[in-house]
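Quick look at what TrEMBL lists:
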TRANSMEM  A:18-37  transmembrane segment
TRANSMEM  A:57-90  transmembrane segment
TRANSMEM  A:134-156  transmembrane segment
TRANSMEM  A:163-181  transmembrane segment
TRANSMEM  A:211-228  transmembrane segment
TRANSMEM  A:260-279  transmembrane segment
TRANSMEM  A:299-323  transmembrane segment
TRANSMEM  A:335-361  transmembrane segment
Amino acid sequence: MDSSRLWLLRPFGERSTLIFLGVLLAAMTLVTLLHVAVPPGHPLYVSAYTVNLFGKYLSYALLAVAVDLVWGYLGILSLGHGAFFALGGYAMGMYLMRQIGDRGVYGHPVLPDFMVFLNWDSLPWYWYGFDMAWFAFLMVLLVPGALALVFGFLAFRSRVTGVYLSIITQALTFALMLAFFRNEMGFGGNNGLTDFREILGFNLRSSETRLGLFLATGVALALGYVLCRAIVTSKLGRVCVATRDAEARTRFLGYRVERFQLFVFTVSAMLAGLAGALYVPQVGIINPSEFSPLFSIEIVLWVALGGRATLYGAVIGAILVNYAKTVFTGAMPDAWLFALGGLFVLVTVFLPKGVAGLLALRLRRRRDADGSFSGKEASA
Amino acid sequence: MRYPPMLGPATAGARAGTDAAEDERTSHSRGSWLLALALSLALVLGLSITTPAAAQDSTPDDDAAAMTLLEALDVDSFPTKGEAIDAIVHSDDSRARDWLQALLDGRLQRAGDGRFVVVLDNTGRDWPVQDALSGEPLGQMSRRELDRIGINNALRNQLRSAIAVVDLYAADVGLRRASAERLLGEVDSDLAGPLAEVIEEEPDARVRERLVQALAIYRLEQGELQAIDDLRGSLHPRVRVALARAASGTVESRAANGDDPIVADAAREALNSIEQMLKLNRAAETLYFGLSLGSVLVLAAIGLAITFGVMGVINMAHGELIMLGAYTTWAMQQLLPGQPGLALILAIPAGFLVAALAGIAIERGVIQFLKGRPLETLLATFGISLILQQLVRTGISPLNRTVITPEWMSGSIAVNDALSLTLNRMYVLGFALVVFAVLMLIMRRTRLGLEVRAVTQNRAMARSMGIRATRVDIMTFALGSGVAGLAGVALSQLTNVGPNLGQNYIIDSFMVVVFGGVGNLWGTLVAGLSLGVINQVLEPWAGAVMAKIIVLVFIILFIQKRPRGLFPQKGRAAEG
Amino acid sequence: MSILRSLASRDRVFDFLVPVESPVDVRHGPILYLEDVTVSFDGFKAINDLNLTIDDGELRCIIGPNGAGKTTMMDIITGKTRPDSGQVWFGSRHDLLTLNEPEIASLGIGRKFQKPTVFEALTVFENLELAMAADKRILPTLTARINGEIRDRIDEMLDVIGLKALHGRPAGILSHGQKQWLEIGMLLMQRPRLLLVDEPVAGMTEQEMERTAELLTGLAGKQSVVVVEHDMGFVRSIARKVTVLHQGSVLAEGSMDQVSSDPRVVEVYLGAEAEEEAV
């Protein structure tokens, strides 16, 4: 039956999705043109560095979409999504490490530099297979997915929700951070994985590869967005919202709430892993600081600022906050934490629906003025 | 400090007064065997015996004679120097110990004008010195003007033993203890006899015990079976080394009887029982460290337990309130320089107030607008925590501040040779228990506590009964925050005071609260202490970081099993 | 009522929507059977040796003063609270104590909460859609589409509960009474064998109460209904058999007249009711 596929196409019938995809496509085209067609030195020229930066923002945006899926629609405030992001990043980093081959400082044909440095004589078993791109890319999704599946299974089964869940997700990422700081883990300790050279045979330092990664991230964001949109507009999405607002009621309707939570949580974790995997080759390093609770909670701020339960709000929030971070940390590094802290307070107190809420409000006012509001649309 | 003359008049029969006051005992009663001891010491060290200076009345020290003694040191030949040291030992000059110590440290030097001086500080180019005879400070002298009296290793050993023996007759119990300590494993045939006599004279039980052990080690080396009885139960590492050596049968060649299987067996058996006791002691030590860590966790978490339990509010800035308490301690010490103890005591109310006021500001400024939205509250208070951290970083310094530990809090109590308990941790443990008890009293016995419990159980009902829930919220939040400030004051004695102080404790605090069961102070106490102990138990074989990870994973799993913690609130109201 | 009847007759048409499940076995006795059930919270016995039997197709009213254990009893039947001891059977085949809430719900026990609980962020239409009997596993839910038949069923229910005009509005904007109706509608969409209805008429106008009474009595016969209610007038209007709970166990059982003439009931219940009315 095509009904199983149709749910994936449903978002294309929505105006908001089409607008989002249009804007994203336009932005990607514009950046590409300004990078390729405009000569360097021209005021409109977009440098490879900036392309890289935009690519980073887009991977953050995908991460924010993943967080919004669980927070906005399922009501689960995960303070540990950075862990899934970082795991995806590490999976990609391991692949990139293996691609270095014997070009490392120590010139060992198999072992990454840090293992040679630690006097290891063979590759740990969990590094096997990461020299193959398909395996590594699969792991990018499967490792965060598996962690989310196990963690979520335990948590949701025993109905750990609300602030409790937030706290233990935070503990999860904190524990992982401590673990990855250990050299014995075999992930490069606090230096992490770095000095990457090429991906799929393309030189990571060339501007063509950077542009390619930027575009790939854009496509991933688009696909991730459509997938999430398809989920939230399906009946399953409505079950999620029902769970968020009245969990017990949903149970009494016969829905196994914990399974729905687990499903969406795992999908979200995989998307976060994908975002991490796209992030790593663009910034050139992955280290345990990505596991820090501060980072995870910052992601939540992007979503809150952009507006929960809209998905596009998450994208707006991620880009806004990270752009501000780039500007601030360059101009006045001391002020950044003040600004970030202030944002947390201001957004939660004064802007509970975020930027998207403001946009929607303006839109609704205009529509009301047109007198064209119809409740039918929502359910149809 | 005055030391007893090396040799007193040999008064026969004066030994009877072993119970005499310490001061009296020092010189007179010991003259005869002291002579023998000093002689034997010389023998031990393989020195030719010079005729000891005849016993004289304890006349004031003779500077001329002293000068001669010191002059004798300023020669090139090391054996001659050894004789000179011997002479100093046998003199009854009260300054002898200082000279020997200075010589051992390389600080006894001769100035250009021929005077002997003791260098007080040998860093830099000009050294402050004092006259070796008069003890008067002579100001600074250039290192070029000074000529060090060199010693070699043999002399160094001679000096150490000499000082140890000299100290055995010191009036000060502390010195005698230290000296007896040094003698463990250092006793030789020549020292053994005289030592037995010293033991009988020694009034202090601990010194006596040490000396008996020192002697027993020697006797064990001689293959004497009974010696093991004296060593049984001692936890001192040198005793264990001696027993282990005897047990493995490698008794040194100077042992007369050579390898004796009976002695070896007995030694092995004694060693085993000592190992058992050591295990017990190690367990006690782990428990102590665990309880200490646990008390810190309890202090850090209990404020959180109150705000979280009563208001359902997750205050992510709780860690920063702890930090404020710690900085208050630092600030008090800046205000009262030279009186760290007083400052610390004043910091207790001050830290409470500062943190409580900050808490009220947070509650009024932010949290009250986010009623019923716990996740948003979490985010907003996290923002506040970032701001507070950055305030400290820019306002004070991004670096750690030093908070002084007052004298009465430093040091440790030695329970036995293997177990000593640091005082600061002891104080913090006690402090945590006191804070807990006071909080319990407030919750159980005061009007505020009653209202707080009422609001916790049913906000709407409490309100309808005339309890001003808003006021209760403020008071509760102030109380919880103030306790965080107290935690900060305590923590300043154990850890670095810096902007990240709070961050390091916030996750642990949450774990404690969640583990113990929200809204239950007993739960917090039990959870905090047990998590502290679990952590310390795991640490030796898993490492500090792994121990922490294991504890986190344990709690994550525990919460799955019992989502409401160790001591859950029951009933319909508790079910969201 | 004609609509309801037509709904019932059309049930057959939608059989493919009903998840495959073992039917409740009522050949050998009652549809719901509670024996010696006890549950305590911190030493307080909310339910104390409760015995209760509901026959297939029966409409039973349960009354009792506050704290008599009515809501706790519903919690136990629906799997929200586990009793300390006792047995709870649905038909003669299903031991409810071994099942969780969704399992119990999909066996055919529907529940309306004391405080009307609807999904406020979803529209009225979507609320009914979620409640409707269907395959409620993950993938079928993900790929589910609203076809004409489903829409018809929901539209009919919208007519029954009188919310047709509001079907596209978020349930959050409904009045208290409308929410009660919506929740009853959701309950009916589940097509349960047994309905547990906790205070259905609180906050309703006289007219709405009448309609609710009509609705509930219309259901009896095909479905078993347990109504917990404070409003004695309402109970009198629908009740055939009344059970009085007091301190966690059954105090009296029988027709409304029998029960209200029982001196013990008069003593504990009517006294309490008088008090309640005074509040």
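In case you wondered, yes, glycine gets a Cβ from its N, Cα and C as well.
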Range from A:18-37, A:57-90, A:211-228, A:299-323, A:335-361 with the greatest count of C-beta pairs under 8 A to the transmembrane segment (A:163-181): A:57-90
Distal contacts, the transmembrane segment (A:211-228) - CB-CB under 8 A, six or more residues away: 8, 11-12, 17, 20-21, 24-25, 27-28, 31-32, 35-36, 48, 51-52, 54-55, 58-59, 61-62, 65-66, 68-69, 199, 202, 267, 271, 274-275, 278, 281-282, 311-312, 315
Residues of the parent chain within Cβ reach of the transmembrane segment (A:260-279), under 8 Å, 6 or more residues beyond its termini: 55-56, 58-60, 62-63, 65-67, 69-70, 73-74, 76, 78, 81, 84-92, 137, 140-145, 147-149, 152-153, 156, 213, 216-217, 220, 224, 227-228, 231, 236, 239-240, 243, 286, 290
Surrounding residues of the transmembrane segment (A:335-361) on its own chain - C-beta under 8 Å, 6+ positions past either end: 298, 301, 303-308, 310, 312-313, 316-317, 320-321, 324-325, 328-329
Leading stretch by Cβ pairs under 8 Å, where the reference is the transmembrane segment (A:18-37) and the options are A:57-90, A:134-156, A:299-323: A:299-323
Surrounding residues of the transmembrane segment (A:299-323) on its own chain - C-beta under 8 Å, 6+ positions past either end: 16, 20, 56-57, 60-61, 63-65, 67-69, 71-73, 77-79, 81-82, 85, 221, 225, 228-229, 232, 241, 340, 343-344, 347-348, 351, 353-360
